[in-house]
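> Below: one structure in structure tokens.
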Amino acid sequence: MDELVTAGVVVLWAVTVVEVVRALRGTGTRSLLVAVAALAAGRTLDLDAVGEALGRTTALAAVEHVLVVVSAVAVVAFTHRITGEHRTVPRPVWVVLALALAAPLVDAGGALPATAEDRAAAYASSVPWLVHWVAFLVTLAVALTAGARIALRNGRLARGVLGVRLIGLGAGQVLGVLYTVLKALHLGALVVSPGSEVGLLGTAEQAALSSAILLVAVGLVVGFAATVAADLATRRRLWVLWPVWADLWPHAPHLDHTPPGRLRTTFSPDARIREVRLVVEIGDALRVLSPYVPAHDHTDPVAQAAALQLASRRVGQDVPASPPSGPRPAETGFAARTRELYALALAWPRAAAVRAQVVPGAGAEGDVAVPAQTRATGDGRPEAGESAP
């Protein structure tokens, strides 16, 4: 059982590190960071090794329970935030709760017995401890029940990663309620029937708590992994789209500054905003080039890339515009447009070499690859063979 408790603490600190990373990246939520950090700290104080090192004092036990309550309330706040529900608790309730949880601190330096049975007897014989335990267990049960209800109700309706996170949080909070009930039964059994065999209740209590921690951690880690995967995909698209953007940006209206280099663009901290910018500006350039685009197979990305490169060359040579024959995507929307431009960008490096074969009449205008625009990018101008990693 000690190994299970220790494993739960390790998992909590690992999730705390994940949430700190997300907070530093600007993708985290303060309430969730508080929840996992407070629970990790509280569970750490509950470890036998920590108790022996610091001494099993009243203050240590009270602080441990306060941290657990803070974690439960923060989880509910996080659930409200991601589901859009808003509920407030009157300030007097918080004041009463704080006083109840702090009641044992009237004897903050007092030492607690080493065994669970003796500690239960000490709790039962002390009014401040009785007040503390009632406030702790009731608050925990109410907060976790409310959070589980909201998370599970919205988790069934949500899709993708959000649904996984909500279901994980909801299931973890249900097990947290079970832990609260088992904890109350365990303490009651130790007080009512001293010396009886209640080890099974203690084992079930710790198993419920460890399972709750694991479920919540899985939900949060899955969400973090999905966020990282989405960020990597965005940066790969930036890397692939950049050569098209760098070659066509002079044709984008109202864009008179030099674009940043490929590495700087790919590793920009605001990658998602950069991607939106690239897609919009490439789209603007394509609309400007549309009258100069020769007839070609619109279903072939290589032919489309070759036609656009030829159109860019025509503009530079002041060739008169012809009736629009540029690409007309069948799909609309940012995601669909991004997919189309990504396919175009993958074909971009190969287009110059096969332009005469895929664009009718291109050979008459020459088959010289369109040179990349000269830019002071800070990480070098693109080379002809530069491609996605």
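Cβ from N, Cα, C; glycine included.
OK, TrEMBL features for this one:
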TRANSMEM  59-80  transmembrane segment
TRANSMEM  92-110  transmembrane segment
TRANSMEM  130-152  transmembrane segment
TRANSMEM  164-187  transmembrane segment
TRANSMEM  207-230  transmembrane segment
DOMAIN    233-349  domain 'DUF6545'
REGION    313-332  region 'Disordered'
REGION    362-389  region 'Disordered'
COMPBIAS  378-389  compositional bias 'Basic and acidic residues'
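Each of the listed features needs to be described in terms of its position in the shown structure.
Packing against the transmembrane segment (59-80) from elsewhere in the chain are residues 29, 31-32, 34-36, 38-39, 41-43, 45-46, 51, 86-87, 97, 101-102, 104-105, 108-109, 112, 132, 136, 139-140, 143-144, 146-147, 150-151, 166, 169, 173, 176, 216: each is 6 or more residues past its ends and has a CB under 8 Å from a CB in it.
Tertiary neighbourhood of the transmembrane segment (92-110): same-chain residues 57-59, 61-62, 65-66, 69, 126-129, 131-132, 134-136, 139, selected by CB-CB distance under 8 Å and a gap of 6+ residues from either end.
When Cβ-Cβ distances below 8 Å are used as the criterion, the transmembrane segment (164-187) is approached by residues 72, 75, 78-79, 82-83, 120, 123, 133, 137, 140-141, 144-145, 147-152, 154-156, 158, 198, 201-202, 204-205, 208-209, 211-216, 218-220, 222-223 of the same chain, each at least six residues removed from its ends.
Only residues 6 or more beyond the boundaries of the transmembrane segment (207-230), in the same chain, are considered here, and those with a CB under 8 A from a CB of the stretch are 4-5, 7-8, 11-12, 14-15, 18-19, 21-22, 27, 32, 36, 39, 43, 75, 160-162, 164-169, 171-176, 178-179, 182.
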> Mind looking up the mean pLDDT for the domain 'DUF6545' (233-349) in the predicted model?
81
> Short question: which residues 6 or more past the ends of the transmembrane segment (130-152) have a Cβ under 8 Å from it?
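Non-local partners: 62, 65, 68-69, 72-73, 75-76, 79-80, 83, 85, 97, 100-104, 123-124, 166-167, 169-171, 173-174, 176-177, 180-181, 183-184, 187.
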